[in-house]
Amino acid sequence: MQNLLHNLNPEQLAAVTLPSQSALILAGAGSGKTRVLTTRIAWLIQTGQISPAGVLAVTFTNKAAKEMMSRLSAMLPMNIRGMWIGTFHGLCNRLLRAHYRDAALPQSFQILDTQDQLSMIKRMLKALNIDDEKYPPRNLMYFINGAKDDGLRAQDIDAHDEYNRRFVELYDIYDQQCQREGVVDFAELLLRTYELLSRNQPLREHYQQRFRHILVDEFQDTNNLQYNWLKLLAGRDNAVFAVGDDDQSIYAFRGANVGNMAAFEREFSVQNLIKLEQNYRSHGYILDAANTLIANNAKRLGKNLRTDAGHGEPIRVYEATSDLQEANWIIEESKSLIAEGASRSEIAVLYRSNAQSRVIEHALFSAGIPYRVYGGQRFFERAEIKHAIAYLQLIDNPHNDSAFLRVVNFPARGIGARSLEGLQDVARQRRCSLHDAVAHVPGRPGTLLTNFVKLIDDVRAETALLSLPEMVQVMLDNSGLITHYRSEREGADRVENLEQLVAAASQFISEEGFGRGTPALQGPSAEAVAGQAIVNADGVEIVDADAPLTLVMSPLSAFLSHASLEAGDNQAQAGQDAMQLMTVHAAKGLEFDAVFITGLEEGLFPHENSDKAEGGVEEARRLMYVAITRARRRLYLSFSQTRMLHGQTRFNIKSRFFDELPEEALKWLSPKVQHHWFASQPRAAWADTPSKQPALASSTELGWRIGQTVLHQKFGEGVIVNIEGGGGNARASINFGPNGMKLLDLTIAKLEKVA
DNA sequence: ACCCCGTTTATTTTT
DNA sequence: TAAACGGGGT
């Protein structure tokens, strides 16, 4: 135990050893957040305050959950299987599997990912003959997910106009369709569990009594439903240990509510708020920059990072004339870092949006520097894998129409759109699944469809006693998927991926503790279930959704859940010592010796949409804060006067965030206010855009040019983005950054040129 | 049933 | 720019 608490600083120690009450830990970047979280669990167990089964730890990502588990198993000399550590969705899945009857779901319900959900909505709109211009599927999806995230069912929503009434109506129809198919979307996993526990008192009390300690990671990212879910599970007596950082809240756009931190303090009567402000990651100048920047946010719980490390290197700032030049500068700097002995994987290039990676990738490629881009397609998202998964889904639950449609004619079986429309009509009339409708389709389409259904049924029958990997193999062979991709010109990779799926299945069953030979379709045995049965005080029998998974679902169901909930690694040239390219969002939680934050321009970072959204600029500032605090020793900031965006050259001014950083921490590598690109090479930029010539001719008479930086007494500094008209009629679009884009008459407006 | 070509649209993303 | 989608033609 001494060992356990040994190297903690006073605040960390205080947090780890708090009494069993709800507490809020404000954990700054690099302050040892995960360490506190895991040590807290280990300490509770070692001091005998709780048994592993009494611990519930919730994270947002599978990665974070795995990290916690591996740290815990290093800390504790025991099997940590009894602990519930997982993502909100993973834990809900487990609960719903164990209590599927109470939750009114089929035992083999399946999970729709975002793609599946959208295609299902499209299908529904089409079937109802609804104009998808007027009711865009995407909007409906956001509406549905937003409602679910707020805990609302269709009947709970008051629509004030015709348009919204329609949305509500469609939401209701969508839910009914999901129910018929036995599928749930991501938000549904949470909402269904919430409803299950709130309606079923014995069940709720059972879990409330079990989980005396609930620990939550990244609390600032919780949405309203997750917050209420925690509140429900915590009941009145349990201790919720919430760890988060309001300054790193960057997911409001997907429903995260930072306000949950303040609400938590109030509603869970938090006696102990501990701030972890000692930073173990970054050098002084870097932290100064982060602190100074974030102080510009008004809505904060308040926190200031400090370090024992010295100032370190100043933050280098570079102003490029073009995105291309910016990229080349990154390469030059990286080369010298590498020459000084830095390893490539310790250098990260961050950007606001994915599109920005192109130029940088191109430059890195030309320079022959290995790199890795985060955020590509992941294993279970690949088309061929999704097809294979769809076959498996049909074996497990033939009523999953999304899966049915995905593969009914893939590989081609002569079942075209026409036949499928007919089938869908029959299914709608009979209010049944496509699978069940097949028997009622006459003629040749009927025969072909029947053959398809028979194919699925045969694989199911043939593999009923086989293990999961064996089943996957048979499915691949019998479905014709492998044959199909073998005959395709560029199918070799896909065949290889499909073979990897067998390996993935094999790895999965051994990791999750299913016996090697357990039949893929074998559900929990009656005795196993009986062994888990608990009779509560009211005489109600409850089966606890306890680990391992083997007790609540079949290997196949478990594997399919896994495929939906854990999309797998985004493919990477792993092993190589490569530079790391990613969005700022993707960088959250990571750290690097050297970090480049690129594209620091008005309109991009902060993004132009940030100005419009409520609290958008503060969120953008937090994003910048996250970016800065990724760096350990070296930080580079860059922006460019011009940038190619959507096939057009955009003229930008530097981000307002530069004005919010401490001057003494920065070292400007290029002159701050000096010649712009057009001064030295006036022709180059528009040589290939003849259309702009007339405007330029007229504007040059007046002395104005696109790209010119100007000063307006009211709007401040801006850049001329476009000039239209000529002579006495010349007007210019000027980007004044924080003050927006203005269209000004050049003959009237009082503008000063900034050199 | 499939392919081609024009149109449209472009933050951030985990589950 | 470029990728994804949908309509229409073969």
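Note that Cβ sites are derived from N, Cα and C of the backbone, with glycine treated the same way.
What TrEMBL says about this one:
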- A:Ala27, A:Gly28, A:Ala29, A:Gly30, A:Ser31, A:Gly32, A:Lys33, A:Thr34: ATP binding site (BINDING)
- A:6-283: domain 'UvrD-like helicase ATP-binding' (DOMAIN)
- A:284-589: domain 'UvrD-like helicase C-terminal' (DOMAIN)
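Listed in sequence order, the residues A:Val36, A:Asp245, A:Leu276, A:Asn279, A:Tyr280 complete the 8 Å Cβ shell around the ATP site centroid, once A:Ala27, A:Gly28, A:Ala29, A:Gly30, A:Ser31, A:Gly32, A:Lys33, A:Thr34 themselves are left out. Under DSSP, A:Thr34 (ATP binding site) is assigned to a helix (H, G or I) in the three-state scheme.
Within 10 Å of its Cβ, the residue among the binding-site residues A:Ala27, A:Ala29 with the fewest other Cβ atoms is A:Ala29. Each of the binding-site residues A:Gly28, A:Gly30, A:Gly32 was scored by the number of other CB atoms within 10 Å of its CB, and the largest score is that of A:Gly28. Neighbour list (A:Ser31 (ATP binding site), Cβ cut-off 8 Å, at least 6 residues apart, same chain): A:Leu276, A:Glu277, A:Gln278, A:Asn279, A:Tyr280, A:Leu305. Non-local neighbourhood of A:Lys33 (ATP binding site): A:Ile25, A:Ala27, A:Asp217, A:Val243, A:Asp245, A:Leu276, each in the same chain, at least six residues away, with C-beta under 8 Å from its C-beta. If you take the C-beta of A:Thr34 (ATP binding site) and look for same-chain residues 6 or more apart in sequence within under 8 angstroms, you find A:Ala64, A:Glu67, A:Met68, A:Arg71, A:Asp217.
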